[in-house]
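Structure provided below as structure tokens; questions to follow.
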Amino acid sequence: MSRLFGTDGVRGLANADLTPELALSVASAAARVLYERDDSRRRVALVGRDPRASGEMLEAAVTAGLTSAGADVLRVGVLPTPAVAHLVSAMRADLGVMISASHNPMPDNGIKLFAAGGHKLPDAVEDEIADRLDERVDRPTGAAVGRARDVPDAGSRYVDHLLEATPQPLDGLRVVVDCANGAAAAVAPSAYRLAGAEVIALNAEPDGLNINEGVGSTHLDGLRAAVREHRADLGLAHDGDADRCLAVDATGSVVDGDQIMAILAVAMKEAGELADDTLVTTVMSNLGLHLAMREHGVKLRTTAVGDRYVLAELREGGFSLGGEQSGHVVLPDHATTGDGLLTALRLMGRVVETGRSLAELAATMTRLPQVLVNVRVADKATACGAPEVAKAVAEAEAELGDEGRVLLRPSGTEQLVRVMVEARSEGTAQRVAGRLAELVAAIR
């Protein structure tokens with residue numbers, strides 16, 4: 001049986017897979033689990049959401065579940081996921097609930113839980129919550145029923161935190177920001193203006209239906225055109241819940257998460273802020289990042305794909321920078337999860353501090369051509385473990401040498417094997433990936 005909680009919480013088609021009944025049950029079970037760990041005081045939960053239409057329905061259900069279990073609720077409204085994580089810590093809440101499906105299409109939604117301090121809940125606690133969804137319990141009555149109230153200044157509290165974490169004024173910088181008609185629209189343009197930048201905001205009018213609709217960090221063409229049209233210094237793109245940030249330089253070229261991490265790692269190393277001179281990233285990061293960091297004396301720690309694995313490595317090793325190629329960047333000295341706005345402010349600050357363009361800074365690393373082929377198979381474990389596949393991978397690695405890389409990994413949700421090849425030339429990467437994909441597909 002699959003887990004209710006995936007790598008990023010509970011997700012599904014809102015009102016079909018993720019129903020109000022399920023949302024209420026998850027929230028109520030979460031509150032009960034917290035109480036049983038310490039029933040000495042009344043619990044407080046903080047609830048936020050992105051602007052998609054189903055968020056209001058699910059927010060009401062989550063609030064009902066929490067209060068019915070005796071927890072008080074602080075409703076912060078539409079805010080980014082990292083804002084909710086920060087406010088859980090800043091307002092000393094016992095639990096955080098973010099209602100969002102991040103970069104997914106509008107009809108989807110999700111529930112992500114944060115522990116006290118703003119960190120993601122451990123798998124074991126999520127599993128305990130899932131196991132107790134249907135249990136019959138005596139509910140509190142009278143004064144023991146939880147109360148709910150709004151927090152009108154939640155957004156400004158988060159913006160103040162961002163500005164404290166990024167002291168470099170951005171005066172003279174012109175930036176275009178694509179808010180994806182999502183949670184970033186509530187705070188990103190104002191935060192960047194307060195930091196001193198001239199801001200042109202795109203897709204900052206969410207109506208509940210237009211979130212991620214051909215815009216944001218997964219659709220960069222509009223941002224690239226706007227940067228050139230407005231002669232901006234750079235562009236920034238967020239996803240629906242603003243835990244990601246990708247960038248575009250003045251020419252319209254994309255600067256991905258690997259390049260952003262390279263820029264920040266070099267800056268932090270120079271300032272003595274890069275703990276153990278180490279950057280944490282995933283196996284999908286481009287080989288160009290590895291080569292560039294080696295040149296700058298930065299060590300890399302590599303994890304499985306997923307920001308939860310990056311976060312775990314950062315916490316375990318006490319490191320100060322990590323992230324993913326997709327634009328999830330984590331700065332643990334200032335945030336407990338990926339924060340697209342904090343990343344953007346730090347990136348813009350580096351541009352102003354150095355007086356160099358984003359294109360010049362991004363040249364810190366050279367992206368090697370990367371080819372990814374998804375191969376449908378009968379059994380992904382059999383395909384990945386086949387001796388002939390292992391032999392072919394070893395031969396490909398020997399052929400590429402230090403100037404390329406091969407990675408085969410099974411999909412976490414489908415019967416697919418992902419074949420990734422990097423090489424100095426696009427043609428070589430395509431040829432090697434095609435050869436391996438053909439072999440993997442033939443495994444029975």
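Including glycine, each Cβ sits where the backbone N, Cα and C put it.
According to Swiss-Prot, the protein has these features:
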type	residues	note
ACT_SITE	SER102	active site, phosphoserine intermediate
BINDING	SER102, ASP239, ASP241, ASP243	Mg(2+) binding site
MOD_RES	SER102	phosphoserine
When you tally the Cβ atoms that lie within 10 Å of each candidate's Cβ, which of the binding-site residues (ASP239, ASP241) has the highest tally?
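Counting Cβ neighbours within 10 Å, the top one is ASP241.
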How long is the line from the C-alpha of ASP239 (Mg(2+) binding site) to the C-alpha of the residue listed as 'active site, phosphoserine intermediate', rounded to the nearest angstrom?
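Taking the Cα atoms only, ASP239 (Mg(2+) binding site) lies 6 Å from the residue listed as 'active site, phosphoserine intermediate'.
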Do any residues at least six apart in sequence from ASP243 (Mg(2+) binding site), in the same chain, have a Cβ closer than 8 Å to its Cβ, and if so which, in order?
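In sequence order, the residues whose Cβ lies under 8 Å from that of ASP243 (Mg(2+) binding site) (at least 6 apart) are PRO80, THR81, PRO82, SER102, ASP307, HIS328, THR337, GLY338, ASP339, GLY340.
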List the other residues in this chain whose Cβ sits within 8 Å of the Cβ centroid of the Mg(2+) site residues SER102, ASP239, ASP241, ASP243, in sequence order.
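Same chain, not in SER102, ASP239, ASP241, ASP243, Cβ within 8 Å: ASP50, PRO80, THR81, SER100, HIS103, GLY182, ALA183, HIS238, GLY240, ALA242, ARG244, GLY340.
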Take the Cβ of SER102 (active site, phosphoserine intermediate) and count every other Cβ within 10 Å, whichever protein chain it belongs to.
26
